[in-house]
Amino acid sequence: MAAQIIDGKALAQQIRERIAKDVVDLVAQKGVRPGLAAILVGDDPASHIYVRNKQKACDAAGIYVDENKLPASTTQAELLRLIEKVNADPKIHGILVQLPLPKHIDSKVILDSVSPLKDADGFHPYNFGRLVEGNPIFEACTPKGVIKMIESTGVTIEGKRAVVLGRSNIVGKPAALMLLHRHATVTICHSKTKDLPAVCREAEILVVAIGKAKFVTADMVREGAMVIDVGTNRTAEGKVVGDVDYEPVSRKAGWISPVPGGVGPMTIAMLLDNTLESAKRAAGLA
Ligand SMILES: NC(=O)C1=CN([C@@H]2O[C@H](COP(=O)(O)OP(=O)(O)OC[C@H]3O[C@@H](n4cnc5c(N)ncnc54)[C@H](OP(=O)(O)O)[C@@H]3O)[C@@H](O)[C@H]2O)C=CC1
Ligand SMILES: Nc1nc(=O)c2c([nH]1)NC[C@@H]1CN(c3ccc(C(=O)N[C@@H](CCC(=O)O)C(=O)O)cc3)C=[N+]21
């Protein structure tokens, strides 16, 4: 039996339409238009594409964007000054500092300088701590999108065996916490995990975020499992492929999310959602 496809692109589109309506209401009721400061340093082509996609999505939803494209030679001090400026700007409710940053800049120092009240990416230690507590304000966009995709299927998370492949602070770790708070029994795997295929085979929900093209093969997947592929890898021919070997795995899984058209579009929708929610809080609504 072929797996049912979790169409992240379509789900993201629905969410963006709902956000656009909410923006109209917020402007009408409170005179507040949500604003996002997007900060991009250097000339990584993939980052430029992502930021352009985020900009387009904000435009379509009526979210104001303050776009800051800075040269690769930007110093850490200059970047910190820009962040101080947008931290203080009342038109801005969300701040996105696109990663990766150039090597001469300490990402940790930069991310820590973003106001936790405008941290639309959910990367600030305050927001990460709130997530650990189970009382989050801003949740990281990619894992938040993963959860919405799982929930969109109607499959309950509570009581399920969930395995998260990858433990990064921006995807794997927060995804595992979000599943835990929804009462899954969660295992987190990483490069030192022993007999990874056997652990993956236990998963009723398998979230894959390691950054290795087609790493997860059918023998690592339990019959009927839900497989969410976060990986975004570019092949030599410039094609985007996930961390999951899609064709064979989709014949064994019960549910699968494609790449492209899965988690990527949801990540962008969640950035808009976080910015909107922040603007609502600033307007005294939430
Ligand atoms: N669609 C989207 O919106 C987004 C997609 N991504 C994509 O998701 C993927 C993961 O991103 P990110 O979390 O930032 O990646 P990182 O490189 O920060 O983390 C990768 C994780 O995978 C683990 N890992 C790597 N190789 C193996 C292996 N062979 N076996 C087991 N575990 C392994 C690492 O383990 P260890 O900790 O031991 O080193 C690490 O925990 C990438 O493809 C990225 O492009 C990321 C963000 C957003
Ligand atoms: N501060 C910060 N926040 C991020 O959220 C962030 C970041 N930095 N740095 C890089 C990663 C990566 N990321 C993606 C977003 C959308 C797609 C996406 O829309 N992908 C399309 C395909 C795009 C293509 O074809 O290139 C899809 O999967 O359908 C992918 C990856 C966000 N990230």
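The backbone N, Cα and C atoms fix where each Cβ goes, glycine too.
Here is what TrEMBL says about this protein:
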type    : residues                       : note
DOMAIN  : 6-121                          : domain 'Tetrahydrofolate dehydrogenase/cyclohydrolase catalytic'
DOMAIN  : 140-282                        : domain 'Tetrahydrofolate dehydrogenase/cyclohydrolase NAD(P)-binding'
BINDING : Gly166, Arg167, Ser168, Thr232 : NADP(+) binding site
Which of the binding-site residues Gly166, Arg167, Ser168, Thr232 have a Cβ less than 6 Å from any atom of ligand 2?
Thr232
Within 10 Å of the Cβ of Gly166 (NADP(+) binding site), how many other Cβ atoms can be counted across all chains shown?
23
Run through the Cβ atoms and count how many others sit within 10 Å of the one on Thr232 (NADP(+) binding site).
21
With DSSP as the reference, give the number of residues of the domain 'Tetrahydrofolate dehydrogenase/cyclohydrolase catalytic' (6-121) in helix, strand and coil.
60 helix, 18 strand, 38 coil
Reduced to three states, what secondary structure does DSSP give Arg167 (NADP(+) binding site)?
coil
From the DSSP assignment alone, can you count helix, strand and coil residues within the domain 'Tetrahydrofolate dehydrogenase/cyclohydrolase NAD(P)-binding' (140-282)?
58 helix, 26 strand, 59 coil
Cβ neighbours of Arg167 (NADP(+) binding site) where a neighbour is any other Cβ within 10 Å:
18
State the count of C-beta atoms found within 10 angstroms of the C-beta of Ser168 (NADP(+) binding site), not counting that atom itself.
16
